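Here's the structure, in structure tokens; my notes come after.
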Amino acid sequence: MARLLWLLRGLTLGTAPRRAVRGQAGGGGPGTGPGLGEAGSLATCELPLAKSEWQKKLTPEQFYVTREKGTEPPFSGIYLNNKEAGMYHCVCCDSPLFSSEKKYCSGTGWPSFSEAHGTSGSDESHTGILRRLDTSLGSARTEVVCKQCEAHLGHVFPDGPGPNGQRFCINSVALKFKPRKH
């Protein structure tokens, strides 16, 4: 209760409340601590956007994929053949999701990664992603969403390269690439 009061004390009348999130885009990322970024500062994010606000912020294709759980056509994504070193962020909230070091060519038509950024062994608690059961096509698959804004990113399959055997099949349109600074 004390923490909630501390969070609310800076609000003035007419100010929309902000909610604490774990990590911050470009910092330690989601999962770095209980509402704290790397430097220990409280990271905040606006309340979840309404559908109309997402439609204003995103292109129609980005909205369809990230907010309506769509899929871009295979072999059409801008990042499919990207070989530049850097980080792939969520197009909706800028949370770091996947490193180019874990990207590989799976031949499936979508950018593929062997693990999410921040994975330690099989521990994904410090990554920017969440896994969810998806039964939308009549069979069970594992959906991958952004931990910070719940954007649909793609799916993960158990047919990837070793040692963990995972293939994160991610829509390019759900990503924003930031090249590594030299």
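Along the chain as shown, the residues are counted starting at 1.
Even glycines carry a Cβ here, placed using N, Cα and C.
Per Swiss-Prot, the feature active site, nucleophile maps to Cys169. According to Swiss-Prot, the Zn(2+) binding site annotation covers Cys90, Cys93, Cys146, Cys149, on the basis of sequence analysis. Among the features that Swiss-Prot reports, domain 'MsrB' is placed at 51-180. Summarising the annotation, Swiss-Prot assigns transit peptide to 1-20.
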For the domain 'MsrB' (51-180), the DSSP residue counts stand at 22 helix, 42 strand, 66 coil
Most Cβ neighbours within 10 Å: which of the binding-site residues Cys90, Cys146 is it? Cys90
Could you tally the C-beta atoms, other than its own, that fall within 10 angstroms of the C-beta of the residue listed as 'active site, nucleophile'? 23
Cys149 (Zn(2+) binding site), Cβ-centred 10 Å count of other Cβ atoms over all protein chains shown, is 23
So Cys93 (Zn(2+) binding site), by the Cβ count within 10 Å over all chains shown, scores 21
Summarise the model's confidence over the domain 'MsrB' (51-180) as a mean pLDDT value. 97
Hey, for the Zn(2+) site built from Cys90, Cys93, Cys146, Cys149, who else sits with CB inside 8 A of the CB center? Thr66, Val91, Cys92, Asp94, Ser95, Gly128, Lys147, Gln148, Glu150, Ala151
